[in-house]
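One structure is given below, encoded as structure tokens.
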Amino acid sequence: MLSFLSMAVSDTGWRSAMSVAAALVGSIAAEHLSGHPLEIWSDSVCWAALSAAFNYKTRPLRPTNHDRLPGSELWSQSTEWRRSVTLWLAAVCISSVTVYRSELGAVPLLPAATPILLVVERLLECDALNYNTNRRIWAHINGIVGTLSIAVLSTGSLVDWNFGNTAPALGPVAALVIAFVIFTPRPDASTLPFRFCRIFSPFVPSLTIDEVAPSLAWRVLVAMLCIAVGDVYLFGPVVVDVVPTFILGLSRALFWYFTIQTLRPATTYDKLSLSSSIPLGRPPPPSLPTQPPSWRIATTILAFGLLSASDPFAQQTSSNALAIAVASLLTLTQIILLLPDNTQWTRVVWTVFAMVPVAPFVANMAALYGFYPAPPHSLLHHEHPVAALVRHGQARFDDLLRRQSMNATAAGDEYRRRYGIAPPPGFDTWFQLARELDTPIIDEYNMIHQSLQPLRVLSGKEIQTAMQTVYTLPDSDVWRCNYVAKTRQTTCTHPTRSFDRNVQGMFNAWLGGGSFGGGVPTTTAHLDVDVTFLVNHLDEPRVLLPAGVDNTGRDKYSVTILDGQPVYDVLTQNCAAQQHQLSQNTASETGPVVDTYGLPFVTDTRTARDLCRHPEYKDMHGMLTSPVSFPLIQGLVPILSCGALSTMGDILYPSPAYSESGFVYDAAHDVPWDKKKNALYWAGSTTGAYAEDGKSGNWRGFHRQRAVAVAQNLEHRQHAYLTDQGGSGNGPVRRVWSSFLNGRLFRVAFTRIFQCDHRACRAERGFFRLQPWAGRDDALASRLVLGVDGNGISGRYYKLVASGSTPLKQTLLREWHDERLVPWVHYVPVSQALDELPELVSYLASAQGEAVARTVAENGQRWFQQAMRPADRAVYVHRLLLELARLQDPERPAGQAETGTSV
């Protein structure tokens, strides 16, 4: 097919225009189809096709004796071994670009190859013929200043200007320049002005691509096959999608084949606009071939493909989208002006291909300003579900504050009313501590009671035995901590580890006046009972309690290693018993009655996190699909963890990570609301699960990957928005669907790809648009900030709540603060499905929703300073340890909350 197309255009006046058009089509198609897992194999297809095309053309590319170019050294000066070595060097350079693409994706510095190649051509005096110099100002577009300016504009709109991320791209750029210089005809070395050039030129012979294309093609093919074999040997076999691989390979072949056709020298001068470059009085003989166009035409075609493939809908600013469109048009102009022909066909090519970057840009601008294809999504005369949920949440929060006990007697009575048992010994002292530290939450500790209730079937002595047994189990990976009331100090030990992730320091700060995390103000009241407790070392929750509360297997304990395995079915095996127990011991917390019009706005966070109610979560969260570490402890044992899934029995305590310096909010680094970017921000790594390519790309279902994919609109799925019927505001609210997602409202990206095998990491780098490393406080420059689970809880969450930004939170994990941070008042909950996220962000960033977003931000910031301080965490921990001390009291019999009191 390639040979047929070439023959069809080779002898016509518009050969150059059609060749460059075909090369542009190949470059554009290749950039749109490119994907890391395909690069090595698709380029193997590419060079196999080229090798076949070059070797089986009906008209050979090798020139006859009288067609050889003046100054060509291939046949007169170069020996066969120098020719071969030079071709292998070019093949290695071309192959290295494929290796870069397969590992790191597109080459963002590719436009810089054009000015570099121009400088090298000037040094080697390879640019003797300057085409189209009579085109006034356009004559300068391919000069040093013009080429450099376009390259700066192009690279500036493509790269992130982070040296660590961008520097590796210098390698493939240099490789391409070397390869193209090798195939650039050069004058006699002795005439070159610079010593380096005189040395370099004869060492690397000038090879005319028209003569050596078949030899180059099979060498590159051999290099690509060697790379493919090495890839399989090092990283195992890979499943290749045959059709996309072949299409991408043929697209690249189209670019290379017709670029080479464009660079073939013409055989007559009367078809070329070269009169300005030929000395007066010395007309060339008709049979003498001309010097072909510069290889800069190849670099500009590649740069145009890269620029035109940049989606304007994904750009975070309109100025950057405009810069890419302008750079694309200037690069296209460079391509046309590098051609030796100045005909109407070149102008047709420019006009047609100018639409490639212009059309998406115009469509993006139209969508941003409310025209097709984005539907109107505003509720003119109806209350938005978000506003209704905020209003209901505020009423719930006001009721929470009103019902808190005001004295120790009232607090004790409320305790008895809620749990049917007396408060633990030391409760009055705890109340005094709470008052001294001015904590506003006195009664909301239901989670502690619910966590300890199943354990009360064991006696105090059995609890102590259980902790000792589990502590010594292989792979239990828990710390045993002992608090001594006399010294007010906590000591933690581990069978094998030495670094406790600040657990001991944090408990000393809470209980004994330690300084870690800023410490806690000194009080007269303190915990006056010795207590031993186990603390989970890992991010993931650990404990699965047995079903029921009878004596069956209550003294059996085991650790099952489930790292990298699906765990949903294991964790939900006791759902029936757990739901029955929950219905007996606690009242159902139903959310507000708000019409969400079919979008999954979270109205009840407990229900939204319930694994038993949501079997679809099995494939929607990395911890359930392929956890990094998951040594599951099964048995009745109290273990403290920072977060827990709904079906698990871990006892919750505040994470020490929240008190580490990198996660503590500093107002000096915050930005006033009016100066914050009106967008949703999240930047982070691919923690949360371990990705393996052998599992059919299981990473696509991980929670972080799904969130980033939605925010970057990588799957181009239909998004639901809310609008009034007909946009008039007089009809009912309805959902409308559109593939449009306003990229200006989402500043969401991965900054690091890890916790994956090599092929999965490569696939993820090819799928996501990565950003450079982000500072810990960069989120504070945006009005909307997203918190997402990692391997466990998100350590940055408290900083977001304490800031002046509006936190959006997607999580499956319960935490100690769930009873005091009220959704839609202090933060905005986000569903696991994420189907409401486009409408949610669109509303909160709109003129209507900005006031709502700002209210939530201010509520969260104010409440954090009142109820989430280190002092408030200390109050919670004191009460938790009081309950644990009673639980392990050796005098407490089995089945009773305390001596003489039934559970």
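Cβ coordinates are placed from backbone N, Cα and C, and glycine is handled just like the others.
Note that the structure is predicted; figures quoted are calculated from it, not measured.
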Listed range which TrEMBL flags as transmembrane segment, given the options 137-159, 735-757: 137-159
Considering only the recorded stretches 137-159, 165-185, 216-236, 320-339, state which has the highest number of Cβ pairs under 8 Å to the transmembrane segment (348-372). 320-339
Long-range CB partners for the transmembrane segment (216-236) (under 8 A, at least six residues beyond its ends), listed in sequence order, are 40-41, 43-44, 47-48, 50-51, 54-55, 87-88, 90-92, 94-95, 98-99, 102, 209, 694, 757-759
Sort out the residues at least 6 away from either end of the transmembrane segment (320-339), same chain, that have Cβ-Cβ distances under 8 Å to it, and list them. 16-17, 20, 24, 111, 114, 131-132, 135, 138-139, 141-142, 146-147, 150, 153-154, 156-158, 262, 293-294, 296-297, 300-301, 303-304, 307-308, 310, 312, 346-347, 349-350, 353-354, 356-358, 361, 364
On average, what pLDDT score does this prediction assign to the domain 'Glycosyl transferase CAP10' (598-891)? 94
Short question: which residues 6 or more past the ends of the transmembrane segment (137-159) have a Cβ under 8 Å from it? 108-109, 111-112, 114-115, 118-119, 122, 165-166, 169, 296, 303, 306-307, 310, 320, 323-324, 326-327, 330-331, 333-334, 337-338
